[in-house]
């Protein structure tokens, strides 16, 4: 802690050993970039070699060297999601899919807004919890807050004193007084303790890694007011501070993994939750320039990673980005050709081991290191003494090697050792589980012990969220086993690894919807057989039976999943392809409704911006679609480059997508050349939906060129014809005549309506009218219109009688079944008949019945008039998506109001 010092510039220092690089990404890059465009051109022309001789380079900077003039600039683009506190803390961690539309998760904020008014309450929070996945950058953010305050750029008016504590170091202390705690949070004593405590509302305590120690932060005695000099157990002192027994006016900033939130939220008063989402956009590239002091090396490394969408997505996690840079730098120093084909974090860690640890240490010393890591994970320890290292059999030579390579690091404030990152410790712990289990003398008992230890450490509900478990899945995959056998010169029996995986799967919480954590584990494993088997077994918890699918009004065939990051998007789309009961994938920004209303599908929601990188990884995974047949991107505004990438995917031989929805995506005539290239290729696409886009005559003519190609497989094309010229419509009609398999439609697609209890009784009618008006009311004469009824003789035009009354008339020419896709109405008639259809307001009738007290309006009201006896059946449309999956068709009533005022409800 320091008190309002003047701004001062800091110096850049080089780490003592080549691998001891701070994972913090906060130092200003003191590098001139004026030659970068030239270097990029040289790289593209092959003028700069990719094979490197060993060179001495400056190592990645410690956090202390951050230059203040660029500090806030680092914060500006850091993706932070401020969240609403969940009503049910039990379910706050699990990101599982469900049958209802998920509630909005919050909104994006800047670092300056951490202590601003909270969502909903509009009150400034005293407690802010920074949460996020392992290695996502929470500690870095916490250090940056302290540093920015010190440099006078952040919260200077808000706080007079800021204290930073590493909880892993605090855990080494048994007892502390408040005065001693504050002294530990100061780099240099700046004021007497009485003066500091005189204004508690000006104090900020930053507790980094509050979840790491095995603490129970309970306020032991809320009524007890201790003197600042009285010593007590550290966890009791922190519990009293957080419980507001001590310094109730003080402010707190906590960092924790998302999976640990459950044990904090119920006991903490009104916390503001902020999730760190990792690197975004330009930050990936910036990190490479911060890591590599040599500009040429930075450009070469980044361009190699940028060409691999999977590797680039993995770099969204700062810790993984460090891992990638470290591997590439090792290859440069060893004079190797740059090559990094890893598809998972586990594979990257194995690559890191092979490049970092000398062969002579792998068999014995690395095993000892793994045992040390595992013991620490089970006992919630991240700091180790020299005696701990000796106890595991680590000799001085090995420890020196691990320090030099950066696997271990020595704490400057003590004689303790730690792994370079907690994730790295968890990786070594996972290796320890497998190496121990591979010993024949242990057998099933050892396997049971390992799984029970994992459950005890992480809990059943969060088992798949634990990095150690994810690493286990990765190491037990085919590539993981191959890598371990090569590294440790051992053989891992196939039966053993399969048994361990199924033990873990069997110990997870039963009858729970599948969560993103499980998908992460399956992604790390990459075993096609396991993926197919597990995703098939999820049928009972995900997919309803055939009867439910038939009742599309209930939307039980739709599963919703929120993906906030590109990493989550990559994992979800990769795994969903192996789920044979989902045929369509839909990506929605916020709560924009899609248009694929019938096929069983998975809807991915995203409250955070969808970037070019997001689209790239989505389309990359769809190159091999397996079970997926449809893709619905309706409602998302698509840039030209995005559609270009999509079309490249559709032309890929492994892509088997048959149906594509691009309704209301902001497409213009410029995009049609891209779509035409897909139609001209031998693609699997058979249905294309392009309504509510401004394609124009020129755009549709380009589509016609693609449709004329003999290899075009398209059979259904949906367009808006009302804005097209008669000449273009004639071209479309000619195409249909020449190709009997081609069916061109111009229909209005109704949105689903989500009823709420406070919905006005005429709201649905208003919405229904507005949606119809978007398509235009003027009937078309060619190819059918939004208002046509389709029957035995083809389309039958609908006549607008009275626009004010919303009264329409249709003359059905003969007996048969007639269906209007626009409204959803369906008539069965015995003879030629004229039918009048009027859209009415529910208030005209509901006010006279008790129904308005017990039921909600969930669909439109029609006044249908026809000659008696001519109409034998009327099928009404449904426009409802239920929030509660427990509802059934018995909860619905179709009400008929007869001429004399009576009603019939069933």
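Even glycines carry a Cβ here, placed using N, Cα and C.
Among the features that Swiss-Prot reports, region 'Disordered' is placed at 1-22.
As annotated by Swiss-Prot, domain 'NACHT' applies to 126-435, with the evidence given as sequence analysis.
Taken residue by residue with DSSP, residue 137 (ATP binding site) is part of neither helix nor strand, so it is coil. Positions annotated as ATP binding site by Swiss-Prot, on the basis of sequence analysis: 132, 133, 134, 135, 136, 137, 138, 139.
Marked as repeat 'LRR 1' by Swiss-Prot: 627-647. Counting residues of the repeat 'LRR 1' (627-647) by DSSP class, helix then strand then coil, yields 8 helix, 3 strand, 10 coil.
A Cβ distance under 8 Å defines the sequence-distant neighbours of the repeat 'LRR 2' (684-704), meaning residues of its chain 6+ beyond its ends; these are 595, 634, 650, 655-673, 675-676, 678, 713-720, 723-725, 727-728, 731-732, 735, 746-749, 774. What Swiss-Prot lists as repeat 'LRR 2' is 684-704.
Residues or ranges marked as domain 'FIIND (incomplete)' in Swiss-Prot (evidence: sequence analysis): 789-906.
Taking the mean position of the Cβ atoms of 132, 133, 134, 135, 136, 137, 138, 139 as the ATP site, the remaining same-chain residues with a Cβ inside 8 Å of that point are 257, 276, 278, 317, 318, 319. Residue counts for the repeat 'LRR 2' (684-704) under DSSP (helix as H, G, I; strand as E, B; rest coil) come to 9 helix, 4 strand, 8 coil. Of all the Cβ atoms in the protein chains shown, 24 others lie within 10 Å of the Cβ of residue 133 (ATP binding site). Residue 132 (ATP binding site) carries a strand DSSP state (E or B). Within 10 Å of the C-beta of residue 139 (ATP binding site) there are 21 other C-beta atoms, taking all protein chains into account. Contacts of residue 135 (ATP binding site) defined by a Cβ separation under 8 A and a same-chain sequence distance of 6+ are given as 317, 318, 319, 320, 421, 422, 423, in order along the sequence. Fewest other C-beta atoms within 10 Å: among the binding-site residues 132, 137, that description fits 132.
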